[in-house]
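Colleague: Below are the structure tokens for one structure; questions will follow.
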Amino acid sequence: MANEAYPCPCDIGHRLEYGGLGREVQVEHIKAYVTKSPVDAGKAVIVIQDIFGWQLPNTRYMADMISGNGYTTIVPDFFVGQEPWDPSGDWSIFPEWLKTRNAQKIDREISAILKYLKQQCHAQKIGIVGFCWGGIAVHHLMMKYSEFRAGVSVYGIVKDSEDIYNLKNPTLFIFAENDVVIPLKDVSLLTQKLKEHCKVEYQIKTFSGQTHGFVHRKREDCSPADKPYIDEARRNLIEWLNKYM
């Protein structure tokens, strides 16, 4: 994502060469990537893409990682057939491109996916995880849908509004200390609002020395210095889901 006040490139980082363990399906008007859990525990997680789209191998890798921990996962195409952002594209037109892909206007898609998970996957407990653009979506959805048992927003831009604290269920926020997209003052604002007003469990973690995209767009072996932070963030994500689902 780019900061809305100061659009800047969102580095695609390391694009994984990853085939995936799941399959593509059609859910009403949406294409989606689904991975069934090896253990049918009646739990599912919606994984929400970043600006590079639902087919980015890195996002599917994360969905498969979550699935391996006991959850059926689904990565829907929340752009609904519109092209994802091309990392080699002209960043001067990014703000206009983004206007047609509003992370807070995906209710029709969420309704279809929830129906699919309940009817076709027999999910009784559902959570959500989102990266970048998807992190914004998670924050929005956790303030709107009480049926999401747990949410994890990974470096989603903090939108300043009076109700950013109004979470309905436990939510984990993961940020990077050196994120040029999300200034630490925005993280401090969110921290303050939640501390003053939030009535459910939440946690905000900011990872030292890390940059935007570190959780899902860096290979685990890319740097000995980064690997512990990547591992910890991914572990925290799974632990949060396990605790509240």
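Every residue number used here counts from 1 along the chain in the order it is shown.
Glycine is treated like the rest: Cβ placed from N, Cα and C.
Positions annotated as N-acetylalanine by Swiss-Prot: Ala2. Annotation source Swiss-Prot lists N6-acetyllysine at Lys36. Residues or ranges marked as active site in Swiss-Prot: Cys132, Asp179, His212. Under the heading phosphoserine, Swiss-Prot lists Ser223.
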Colleague: If I take the Cα of His212 (active site) as reference, which of the recorded positions Cys132, Asp179, Ser223 has the closest Cα?
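Modeller: The answer is Asp179.
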Colleague: His212 (active site) has how many other Cβ neighbours within 10 Å of its own Cβ?
Modeller: 26
Colleague: Of Lys36, Asp179, Ser223, which is closest to Cys132 (active site) if I measure between C-alpha atoms? They're all recorded positions.
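Modeller: Minimum Cα distance from Cys132 (active site) across Lys36, Asp179, Ser223 lands on Asp179.
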Colleague: Using DSSP reduced to three states, classify Lys36 (N6-acetyllysine) as helix, strand or coil.
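Modeller: Assignment for Lys36 (N6-acetyllysine) reads coil.
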Colleague: Output, ordered by sequence, the same-chain residues six or more apart from Asp179 (active site) with a CB under 8 Å from its CB, or 'none'.
Modeller: Tyr155, Gln210, Thr211, His212
Colleague: Where Ser223 (phosphoserine) and the residue listed as 'N6-acetyllysine' are concerned, what is their Cα separation in Å, rounded?
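Modeller: Approximately 31 Å lies between the Cα of Ser223 (phosphoserine) and that of the residue listed as 'N6-acetyllysine'.
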Colleague: For the residue listed as 'N6-acetyllysine', write down the residues of its own chain that are at least 6 apart in sequence and whose Cβ falls under 8 Å from its Cβ; none is a fine answer.
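Modeller: The answer is Gly22, Ser67, Thr72, Cys121.
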Colleague: Could you check the recorded positions Cys132, Ser223 and say which one's CB has the most other CB atoms within 10 Å?
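Modeller: Highest number of other Cβ atoms within 10 Å: Cys132.
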Colleague: What does DSSP say about Ser223 (phosphoserine): helix, strand or coil?
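Modeller: It is coil.
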Colleague: Quick one: what's DSSP say for Cys132 (active site), helix, strand or coil?
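Modeller: In three-state terms, Cys132 (active site) counts as coil.
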Colleague: According to DSSP, does Asp179 (active site) fall in a helix, a strand, or coil?
Modeller: coil
